[in-house]
C-alpha cells in the first residue's frame, strides 16, 4: 500500500480520488472547540422557546372556565345544579370579577364547546397554516435567522393586539395570527442553535431549548396568580412586550447558520460568520479558506435547499421514497404526541383540582423530562425510546378515565404528561438527525406541524371531556399509544454523522442496506465515519 502513493504519473489515474471535505468537516475545522461565549450565545438563542411556550399555553388561564356560586336570589339555584345555564339571570354570579377570563367576560359559559374552544383551536390552526406556508422559507429565501426574527416579531405584535380584543371573534382571529407567526419559532430556534455549535454540544443546546420552554411554561401560573383578580388582558401584555424586547437583542447578537450559508453557496458570508464564531471560541483563523473552497456540493443542492421555488425542498423529499417514508412515519408519531402534549395542560381543569397548582405540576414535569431527554439522547436508541415513551403515555392517560378525581388521578395525568414531554423532546432531536442540511428545517417544520395538528383537535376534546372523561383522556391515550408505534418504521440515528445533501444521505442509506445483516462493523463505519 505504501507504493501506491509513489506510483508513476502515467498510472495515477487509477488511484481513487480524494473525497472533498464535507460541510460538517469544514465547519468543525474552522470553528474549533465550542467556547463558553459561543455556547452562551446559543443558549440565549434557545431562550426564544420560553416566549413560544407562553403563547402556546396562555389560553389555559385566559380561556379558563371560572367557578360560580348561587346568589340566594332564586330558590331554584342550589349546590346540586351542575350548570347555571338553565338558571334565571341574577340567580348566580362568578366567584371572581368577570374580566378574569374570556369565558366570563363574553358570557361563553352556555355558548357550547365549539365556541368556547374556538380561540385555542384557532391558535393551533394558525400554527398549522403558518407551518405549511412558511416552513421552506428558512431553507430557501430567508434563512434560519431572518425567519426566526420575523416569527418572533409577528407573534409578539399579534399578542399585544390580542390584549385589546373587543369580542370573541376578533380574539379568535388574533389568536390565529399569533399562531401563524409563532409557527416557525420552535423549529428555527432548534435548527439554528444546533448548527451554530460543534457536534459535541448539539444535544446539550437542544436540551437547553427544552429547559427554556419549561421556564416559559412555569412563568404562566405565576403571572396568572398575580393577575387572578384582574383582567386576562394583562397576561398577553406581560408575555408579548418582553418578547418584542428579546427580538431586538436577538437581531444584534445572533448570526446566521454557516452550514446553511454554505449549502446556499454564499461562501463569503459563511467565512465571515465562521470568523466571528472562531473569535468567540478563542481561536483565530490564520490559514486560508482552501478547505472551505474545496467543499463541493452536488449540482442539485441549490434545488434541494430551495432553488427558485420555496417548495422545492418538499418536492425533493417527495421524489425520494426513503425520505417520504421517514417523514410520514415520524409525522404520524408526532401527531399523537402533539395531541397529548398540548391537550393535557388544557385538560387540567377537568381533574377537579386547583388550576394554578395543576398547571405548575405539569410545567415542573418538563424539568425532569428535559434531563431524561438529555440522558436518552446520549445513551439510548431514539427509535425504541419513542415507542416506549408513547406507550407509557397512552397507558397512564387511559388510567385517568377509570381513576376517580383526586390525588391518584392527578398523579396518573402527570406521569402521562411526563412521558409525552420526553417523547416530544426525543422526536425533535430525532427529526434533526433523520434529514440532511439541505431540507432539515423544512422536515423539522413539518414534524412540528404534525405535533400542532394534534393540538388543533385537543381543545375540542377537552371541552367534550368535561362531561365524559373518555372523550379527552381516553382518546388521548389511544391516539398517542397507537400512533407512537409508527416510529418502528424509522432507522436508528444515535451516533450517526449528519449529512449535508439528499444524495449524500441516499448513498449512505444504500450503503447501509448493502451491508450484510451480521456485519456490524460495516454499518458502524458507514453511519459514524472517522472525521
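Numbers run from 1 along the shown chain.
Heads up, the Cβ atoms here are built off N, Cα and C, so glycines get one too.
Note that this is a predicted model, so its numbers are computed, not measured.
Listed in TrEMBL:
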- 38-495: domain 'Major facilitator superfamily (MFS) profile' (DOMAIN)
- 114-135: transmembrane segment (TRANSMEM)
- 147-164: transmembrane segment (TRANSMEM)
- 204-223: transmembrane segment (TRANSMEM)
- 235-254: transmembrane segment (TRANSMEM)
- 327-344: transmembrane segment (TRANSMEM)
- 356-377: transmembrane segment (TRANSMEM)
- 386-408: transmembrane segment (TRANSMEM)
- 414-432: transmembrane segment (TRANSMEM)
- 444-464: transmembrane segment (TRANSMEM)
- 470-490: transmembrane segment (TRANSMEM)
Assess whether the transmembrane segment (204-223) lies in contact with the transmembrane segment (356-377), where contact requires at least three Cβ pairs under 8 Å among residues 6 or more apart in sequence.
yes
Same chain only, please: residues at least 6 beyond the ends of the transmembrane segment (114-135) with a C-beta under 8 Å from a C-beta of the stretch. Say none if there are none.
55-56, 59, 63, 65, 102-103, 108, 147, 151, 168, 171-173, 175-184, 187, 342, 346, 441-442, 445-446, 448-449, 452-453, 455-456, 458-460, 462-463
Average the per-residue pLDDT over the domain 'Major facilitator superfamily (MFS) profile' (38-495) and send me the rounded value.
82
At an 8 Å Cβ cut-off, counting only pairs 6 or more apart in sequence, do the transmembrane segment (470-490) and the transmembrane segment (386-408) clear the bar of 3 or more pairs?
yes
What parts of the chain pack near the transmembrane segment (147-164), using Cβ distances under 8 Å and only residues at least 6 beyond its ends?
48, 51-52, 55, 134, 137-138, 171, 174-175, 177-178, 180-185, 188-189, 192, 233-234, 236-237, 239-241, 243-244, 246-247, 250-251
